[in-house]
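Now, the feature entries from Swiss-Prot:
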MOD_RES   Lys46  N6-(pyridoxal phosphate)lysine
BINDING   Gly225, Glu259, Pro260, Gly261, Arg262, Tyr358  pyridoxal 5'-phosphate binding site
BINDING   Arg262, Arg298, Tyr302, Glu330, Tyr358  substrate binding site
ACT_SITE  Cys329  active site, proton donor
Amino acid sequence: MFNYEELFQTHKTPFYLYDFDKIKQAFLNYKEAFKGRKSLICYALKANSNLSILSLLAHLESGADCVSIGEIQRALKAGIKPYRIVFSGVGKSAFEIEQALKLNILFLNVESFMELKTIETIAQSLGIKARISIRINPNIDAKTHPYISTGLKENKFGVGEKEALEMFLWAKKSAFLEPVSVHFHIGSQLLDLEPIIEASQKVAKIAKSLIALGIDLRFFDVGGGIGVSYENEETIKLYDYAQGILNALQGLDLTIICEPGRSIVAESGELITQVLYEKKAQNKRFVIVDAGMNDFLRPSLYHAKHAIRVITPSKGREISPCDVVGPVCESSDTFLKDAHLPELEPGDKIAIEKVGAYGSSMASQYNSRPKLLELALEDHKIRVIRKREALEDLWRLEEEGLKGV
């Protein structure tokens, strides 16, 4: 059993704590699922881009799915090889495209005809041939939260089949473009395998048509999105996931790329926070803690529910419903409504569970609150992987502006 009391003697709350053994095992589970088939697991940095986490994955020969030049540079700094990096996203700037091409990453996932022509122009100016993939929007309902659904025609992501064909033919004729992959990604936190298989089958059929037209495809990028169990939901079995994709690709000798993020890191992380006060207002019980929505946004943004565990011994205390809330001046600064917790006292510690994905990566300094300390548990030892910001860090980049006042 992990000794939290020793941890609290050294580190003040709130902080993130990650179990690196869980991250390692989650990644290896993907490698095992695709064992025996040409594949590349590109971890999606958007889920959590801490350098120490990336370094751990780099040592396991992970690739990287990046959506900004900042993420690409993070991946490289952590030791992920350029030939294992793919660059996705609907709004790549010309600067980002140029930098990615200079770094010679594996390929860019292209999301519009205008972007394709921009890449071509930049590649021509550099005197190189840009490896590209085209993201196809298969118009399939991923059955997930609308904010993280990306595979329907009303979503901003990818292009339809007809436009994709036109883009591939354009790229084939270009002296500065090299089409090497097809790509789709239908959403995040997916708990139903059927939409993924349906999308794989649909895009595999397109890939066969492209190959028949003389386009030399080498990769089949299925995106990511496998969900985790936040509320005891049944999740997708990775063996079934891999077999479904492999079956869709029968007759195609392509390297499979998948881009998991949440399912690699979510279950590894806890947000450790302490009780500041308890209050009752009009028969409503509130537990006020020292972490806020700026530290962990998912409950406020997505109405996501994360289990809360009391760390401080509380045997014998009366249990009753309460809302666990933070100090930020928003009514949405709520971690969990109607949580059944024992009576809590100032200084008691609680853990918000499964926050390793889209926790620290979505954090902000809202209300001028410094970003949190991040710790790793590895080989039964604790180490700091991100220092807590100091108050002075909040305005450090603004001080120059005061000189002219």
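Placement of Cβ uses the backbone N, Cα and C atoms for every residue, glycine included.
Where Swiss-Prot records a feature, it is marked here on the structure.
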| residue | record | Cβ contacts under 8 Å, 6 or more apart |
| --- | --- | --- |
| Lys46 | N6-(pyridoxal phosphate)lysine | Asp65, Val67, Glu71, Gly261, Tyr358, Ser361 |
| Glu259 | pyridoxal 5'-phosphate binding site | Cys42, Tyr43, Ala44, Asp65, Val86, Ser88, His185, Asp221, Val222, Gly223, Gly224 |
| Pro260 | pyridoxal 5'-phosphate binding site | Tyr30, Ile41, Tyr43, Ala44, Gly224, Gly225, Ile226 |
| Arg262 | pyridoxal 5'-phosphate binding site | Ala44, Ala47, Ser188, Gln189, Gly224, Gly225, Ile226, Gly227, Val228, Ala357, Tyr358 |
| Arg298 | substrate binding site | Ala304, His306, Val355, Tyr358, Gly359, Met362 |
| Cys329 | active site, proton donor | Asn367 |
| Glu330 | substrate binding site | Met293, Ser300 |
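Here the binding-site residues are Tyr302, Tyr358, and the one ringed by the most other CB atoms within 10 angstroms is Tyr358. Ranking the binding-site residues Gly225, Gly261 by other CB atoms within 10 A of the CB puts Gly261 at the bottom.
Mapped onto three states, the DSSP output places Arg262 (pyridoxal 5'-phosphate binding site) in helix.
In this structure, Glu330 (substrate binding site) belongs to neither helix nor strand by DSSP; it is coil. Of the residues the record lists as binding substrate, namely Arg262, Arg298, Tyr302, Glu330, Tyr358, the two whose Cα atoms sit farthest apart are 27 Å from each other.
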